[in-house]
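This report concerns only the one structure given below.
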C-alpha cells in the first residue's frame, strides 16, 4: 500500500485515525505528524486535521486531550465510558494530554502553504488556541514556574511503556481495579505491547484522575506518578520557539512566550547528566534522575538548547547505538538491560522520533548522522511497509499495520 493510500484509508473526513482497528480515534501528536503528510497531498486537508483537533478536543481552560472520541468503537480500551468525560464535551475526550508538537507543525503549514490568504486565516484562528494550550501546560503542570512541566501519566509522554517509567510507575497502587478487557492484544501480538502489570497501573492512575474530576491542582498534588519527561519538555521548548515565531509573523505579543523559552532552556539543560553525557528525565516524587538512556534523551537537539559540545557527545552516543543496532534510532540504548527490540517503546525504532532527532542533528551540523536516521527510516518502511514501529536489530515491522504517521512522514521526508 502506498503512503497516500494509508492516509486515505485512515481518513475519517476531517481527522485521521492512527491505524484502522487498533486506534479508531483521533490522537493529539499523531494528528500533528499526520498533518505534515497531508501537506504533500492536500493543503486544505492538512489544516483540517489540526482544526478538528482543536475545535472538538480543546477544553475551555485550554487543555488539549490526547484522544478525541469522535465516534463509538469497540476496538479500543479504555474508551470514553472509562474516562467519564462525556458530559464535559461532545465528542468525549480523554483527561490527559500528549507531547505538544502541534505548534511546530502549525508554523510549518503557515510558512509553506502556497495559498497565503488561507495560511494567514488558519494561523490567526489557531494561534490563540495554541497559546491557551501552552498556558494550560504551565499553569497545570509547572505551578512553581521552574520552566519544566511534569507528566502525570506515562501515556502523556507518548512513549507509554518506556523503561524510564518502570520505577516511578511501580509506586502506583493497584487497588480495587474493576475487571477489564484489553483490545490492543487482539490486533497485535501481546509480546509487542505493554504488559498487564503496566496496564493495571495506567488504569489506576486514570481512575484516580476521574475521582478527582480531572482537577489539575488535585492531580498535581495527588498523582503518585510525577515525572519531568525530557522528551515532552524538549518538544514543548521547540514548540515554544515556533509559537514565538508565529507571534512575530502574525504581529501578536510574544512576551509571555519569550518568558517560557528563557525558563525552559535553563530547565531543560538542568536535565543534562555530565557523567553520563546524556539527558535524563527526573522523578519528581523520588527527587532523583531516571538514569535510563532512551531516545527521548536526544530530543533536546530538536529543541535547539544544547551547546555544540553537548551535541557532539549526543552524536557519539547515537553512533554507539548504531554500532549495536542495524537500524537507528532504537527507543532504548541497545546495550541496556531494559532493551527489548520488539516491545513497543522498550527498543523499537519509531519513525516520528527518527524525524525529530534527525532534524536536531541536521541543525547542529551532523549531516551524516541525520542522513542515516532518514535513510534507516525510509529503508524500514520500504522493506516492511508503514508499520507502527520496527525491530532495530532485524528490521521486522511490529505493532499496527498501515500506520498513519509512518506514512505521513515518509511523504513529508521525501517531498
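In case you wondered, yes, glycine gets a Cβ from its N, Cα and C as well.
Worth saying up front: this structure is predicted, and the values here are computed from it rather than measured.
Per Swiss-Prot, these features apply:
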BINDING   23, 27, 28, 29, 30, 76, 98, 158, 193, 344, 345  substrate binding site
ACT_SITE  160  active site, proton donor
ACT_SITE  388  active site, proton acceptor
In angstrom units, rounded to an integer, how far apart are the Cα atoms of residue 30 (substrate binding site) and residue 388 (active site, proton acceptor)?
11
In the structure shown, which of the binding-site residues 23, 345 has the fewest Cβ neighbours within 10 Å?
23
If the substrate binders are 23, 27, 28, 29, 30, 76, 98, 158, 193, 344, 345 per the record, what's the largest distance between their Cα atoms, in Å?
20
Would you say which of the recorded positions 30, 98, 160, 193, 388 has the most Cβ atoms within 10 Å of its own Cβ?
30
Residue pair residue 388 (active site, proton acceptor), residue 345 (substrate binding site) - Cα distance, angstrom, rounded:
11
If I take the alpha carbons of residue 23 (substrate binding site) and residue 160 (active site, proton donor), what is the distance between them in whole Å?
15
Can you tell me how many other Cβ atoms are located within 10 Å of the Cβ belonging to residue 28 (substrate binding site)?
25
How many Å lie between the Cα of residue 193 (substrate binding site) and the Cα of residue 160 (active site, proton donor)?
10
Just to verify a number: CA distance, residue 28 (substrate binding site) to residue 160 (active site, proton donor), in angstrom, no decimals.
14
Given residue 345 (substrate binding site) and residue 160 (active site, proton donor), what distance in Å do their CA atoms have, once rounded to a whole number?
7
Length of the line joining the Cα atoms of residue 160 (active site, proton donor) and residue 98 (substrate binding site), in Å:
10
